[in-house]
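Per TrEMBL, the features are:
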DISULFID  56-61  disulfide bond
BINDING   152, 154, 165, 210, 213, 245  FAD binding site
DISULFID  352-355  disulfide bond
ACT_SITE  352  active site, nucleophile
ACT_SITE  355  active site
């Protein structure tokens with residue numbers, strides 16, 4: 001890919017240089033820190049749109065939760081349990097070792113940070129959600145270590161997977177009818193419309209969903225199960241699969257556009273990070289795990305990333321969105337928000353738990369980015385030394401935002 005991206009004054013080469021040399025090394029380090037590596041998710045929520053007919057039975061999809069007796073007391077007890085520094089041993093729970101097989105979702109937690117979760121659930125009183133959030137108090141919600149559960153190919157495919165993406169594109173996305181999607185036999189092959197016939201806001205929405213889809217597909221191609229001999233799997237890049245999904249000849253020219261939409265998604269989330277910096281720059285906001293030294297280092301690294309995001313000189317200008325007459329703009333923004341919220345609900349229809357985990361996390365990360373971009377006034381008027389009633393982020397949203405951008 002080369003050249004300028006549509007709908008923004010930015011070229012691909014500049015994004016590559018900026019990301020490779022400034023952002024990526026730091027965001028990788030940040031994702032490895034305890035605050036950002038544990039994500040609480042409910043993988044048992046039923047699909048709200050159709051009967052769950054395609055649950056994946058492949059072992060790579062499977063979740064092996066820790067037995068109840070082995071879940072750390074600090075997590076089970078919630079806020080009633082006082083934080084204790086005594087638990088500072090990083091030995092993994094032996095009973096959960098079976099969960100770390102060939103990419104099954106491994107919900108093992110280190111003792112080092114298990115007690116800290118009690119202080120991580122913050123109430124978010126902002127009603128302007130772009131995502132359907134999991135209820136963290138649900139008995140089905142569990143913490144997952146994202147480093148032990150990398151996003152990669154699991155073998156989940158076919159009608160169940162097609163149905164999810166078909167529902168996203170056809171029912172919840174302002175999709176131009178001319179877009180060609182050859183790998184999904186459920187996709188209608190209607191023509192007669194074009195991407196630039198849509199208004200800017202609807203183009204942006206479609207490109208964000210397409211970029212998210214491209215990101216997920218890229219990770220499946222880059223971390224593919226190449227062979228499994230004697231129970232020892234070998235993971236690596238699958239060029240053939242990448243070609244099938246992105247080569248112009250294989251996709252009637254759609255592949256490069258999909259990749260460009262991934263760059264566009266990057267720019268939107270980069271813009272959100274630069275906009276939300278004042279929220280984190282306040283002393284009252286702490287990335288709390290209970291380890292004071294690590295917490296200070298994590299915040300310093302996050303603020304360093306924010307400085308880099310602000311230095312980028314070709315940001316997407318979100319002010320051009322919803323800038324028409326107030327009534328029409330408000331209606332379109334609400335339509336935008338409800339469509340995206342519906343997509344976050346569709347993620348509960350994904351039959352593979354590993355895929356559902358990363359789908360929910362990246363959808364919530366993008367939803368958090370949109371929430372930030374539409375809350376500029378509230379962020380600018382944040383009080384320095386007290387929580388804000390106008391704009392808040394839960395720990396889940398913060399973890400999702402950083403990890404989605406890392407993807």
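For all residues, glycine too, the Cβ spot is worked out from N, Cα and C.
Comparing the Cα of residue 352 (disulfide bond) with the Cα of every entry in 152, 154, 245, these being the binding-site residues, the smallest distance points to 154.
Among the binding-site residues 152, 154, 245, the ones whose Cα is located within 10 Å of the Cα of residue 355 (disulfide bond) are 152, 154. Cβ neighbour density within 10 Å is lowest for 152 among the binding-site residues 152, 245.
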